[in-house]
Every structure is written in C-alpha cells, then in structure tokens.
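Student: These came from Swiss-Prot, pasted as-is:
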{"type": "BINDING", "residues": "Lys11, Phe59, Arg87, Thr93, Arg104, Asn114", "note": "ATP binding site"}
{"type": "ACT_SITE", "residues": "His117", "note": "active site, pros-phosphohistidine intermediate"}
Amino acid sequence: MALERTLSIIKPDAVAKNVIGQIYARFEGAGLKIVAAKMIHLSRAEAEQFYAVHKERPFFKDLVDFMISGPVMVQALEGENAIAKNRDLMGATDPKKAEKGTIRADFADSIDANAVHGSDAAETAAVEVAFFFPGLNIYSR
C-alpha cells in the first residue's frame, strides 16, 4: 500500500446544497486526511486551464460554464491508496449509475452536475494538487 495524495473538488452543485461537511466526513471515515483546503470561485481562465485536457471534447464549454457557476471547495487528500479510495467514494461519473452510498449517488443531480471531481491517476494527481496548492501549502499530519 502506498501513501498518496489526490485532488478533490466539491463542485458548485454540492457546495450550493451545503453538503461539504457530509462529504468531508466520508473522506475522513475512509481514512483520508485533508492536508490542504480552500474555497474559491474559479475564473473562466482558471477552469479552462485546469480542464485543458478536455479542450477538444464536445462537453468542454458546458463543463467550464458549470465550474464557474459558483464557488467550489478544493482539497488535497492524503492516505493509503488515496486516489483509488477517493474514486470509490465518489462513485460513477453518472450518478444514475453510481453505487448507492457513494457521494455522487447521494448528492449529484446529473452527469454534468455530479458533485465532485477526483484525480484519476498519480501523474494527474500531482499536477492537479500543484495547480491549486503550489509550493508548501500542504500540511501532512
């Protein structure tokens, strides 16, 4: 088992529903530590840069529009196999297909407004964590 860090974003739909604490409780209940966190309202440029990997995909504009529609809660999570653990907690991208008891099954409305983002691999996690928390703004505990 490997100690890993991953990025998690609680998206505008879940922030608006006031379920940040419930989602944090799930992270902590699964043994993940929140080692950095901040609430921000992404600019269009920030959202486009963060999701640049999807720039050529048909959903890119809608994704960016959604991500700038309200504040988001961004956190770096740390723990054993944090990337896979967080992805299991999130559930399938489409909340209709997400397993009961996952974050998306419980809090998401649609495949677009799907409550959370999580890094999908160690390489992307490193880039995504550095995007939001450059330098020494992460505190292992």
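Backbone N, Cα and C define each Cβ position, glycine as well.
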Student: List the binding-site residues among Lys11, Phe59, Arg87 whose C-alpha is within 10 Å of the C-alpha of the residue listed as 'active site, pros-phosphohistidine intermediate', in sequence order, or say none.
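Tutor: Correct set: Lys11, Arg87.
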Student: So which one is it: of the recorded positions Lys11, Arg87, Arg104, His117, which has the fewest other Cβ atoms within 10 Å?
Tutor: Arg87
Student: Enter the number of other CB atoms within 10 angstroms of the CB of Thr93 (ATP binding site).
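Tutor: Thr93 (ATP binding site) is surrounded by 14 other Cβ atoms within 10 Å.
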Student: By a simple count of other Cβ atoms within 10 Å, which of Phe59, Asn114, the binding-site residues in the record, is least packed?
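Tutor: Each of the binding-site residues Phe59, Asn114 was scored by Cβ atoms within 10 Å; lowest is Phe59.
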Student: According to DSSP, which of helix, strand or coil covers Thr93 (ATP binding site)?
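Tutor: Its secondary structure by DSSP: coil.
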Student: Determine the C-alpha span of the ATP site listed in the record, that is the greatest distance between any two of Lys11, Phe59, Arg87, Thr93, Arg104, Asn114, in Å to the nearest whole number.
Tutor: 21
Student: For Arg87 (ATP binding site), name the DSSP secondary structure in the helix/strand/coil scheme.
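Tutor: The three-state answer is helix.
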Student: Per DSSP, to which secondary structure element type does Phe59 (ATP binding site) belong, with helix, strand and coil as the options?
Tutor: coil
